[in-house]
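Worksheet for the structure shown next.
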């Protein structure tokens, strides 16, 4: 797949093309000059950084998560058309992921370091604050949810053998994750955990696919399907379209790549891998259980050892994915406070970095244990943040920084479709989250 994005750069014939194989390489966009006037390629090989495969695993580990198990339910809401929506969402996410990385090289002089800097360069202080808010809600909110989920699942798995409360398990999980979080400085090192996170997800997908396939014979005479349910189509679009949200870490993943020109190729293959895993759960799950599919699909599967294996894989995945997101946030904090070897020296830099990350972990664990109904509140922030960061802001920033007049009409139409779907998902997801929050505060939850 190739997306052509041309930019006029001083000379009438100068243009840049975004494709699935190479990020633009024009002198106007990717080079700067040193003091002697020699050209410096901003996207030259970075010998100290990680491989394309490491970047691939970082992306897949963050994107393909526990939401995988909710896709059969999304098909139950919208019908088989949801499979098409899934593929379209993948294509939209690839496109916006390419645009957002294009933005960090927009001025041809420096590489912007983060999503926040893109927002600042595009819309000033307002853009900076908006991106910081949405970005932080995802890169910290998701790990908080991961720890809540881990504590709950471990408690359920072990309550017959040990009497350890859920909050204690949350703190234990925080302690375990803090080890790689503190010791591994960048996403280059964290990529090792991502490999195991992807393997855990693959096992989870395999168990779910096999179990639902084996259970098909028990439901084939009674199962019901729909090709499309028009009244639920907006909800299906909203829930499925955010399954490819990894934009919050893309800048740091690209920064950790030895060959940054391979970004588009790595992103395409990572998204395809995620889409295949999603389909391997969604299609067999909906095929077997139809309109009765539950979210997560584990609720529909027969109870037994396989369901426990799936639960263990969920816990493994979220604990391995949490350091990737938290490291992305920590790198931003360390950049803001200039916690670097150049300024403080190796020993003080390690000390300040360790203290900073322990404080972050303590805040995450405290919120996970103490804030009531945080998961419902985070669903609201996630509906806003994910949709804005994945679909809306990349296009707005690209148009602001690079322009839209050079785009052909069909690409502008494609951008319009993405904006509409992103805003639709934002509104519908926010309404559902507000309803859940209202219910929680009115009636509480069972212990």
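Cβ atoms are placed via backbone N, Cα and C, with glycine included.
A TrEMBL annotation is a machine prediction, not a hand-curated record.
As annotated by TrEMBL, compositional bias 'Basic and acidic residues' applies to 1-11. According to TrEMBL, the feature domain 'Amino acid transporter transmembrane' maps to 49-434. Under the heading region 'Disordered', TrEMBL lists 1-35. As annotated by TrEMBL, transmembrane segment applies to 53-73, 79-105, 126-148, 168-184, 191-209, 229-250, 266-289, 309-333, 354-374, 380-400, 412-431.
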Among the ranges 53-73, 79-105, 266-289, 309-333, 354-374, the one whose Cβ pairs under 8 Å to the transmembrane segment (229-250) are most numerous: 79-105
Chain residues outside the transmembrane segment (79-105) and at least six past its termini with a C-beta under 8 angstroms from it: 1, 3, 5, 18, 20, 23-24, 29-30, 42-43, 71, 111-113, 115, 117-118, 122, 225-229, 233, 236-237, 240-247, 250-251, 254, 263-264, 267-268, 271-272, 274-275, 278-279, 282-283, 286, 390-391, 393-395, 397-398, 401-402, 414, 417-418, 421
Any contact, the transmembrane segment (168-184) to the transmembrane segment (309-333), with at least 3 Cβ pairs under 8 A: yes
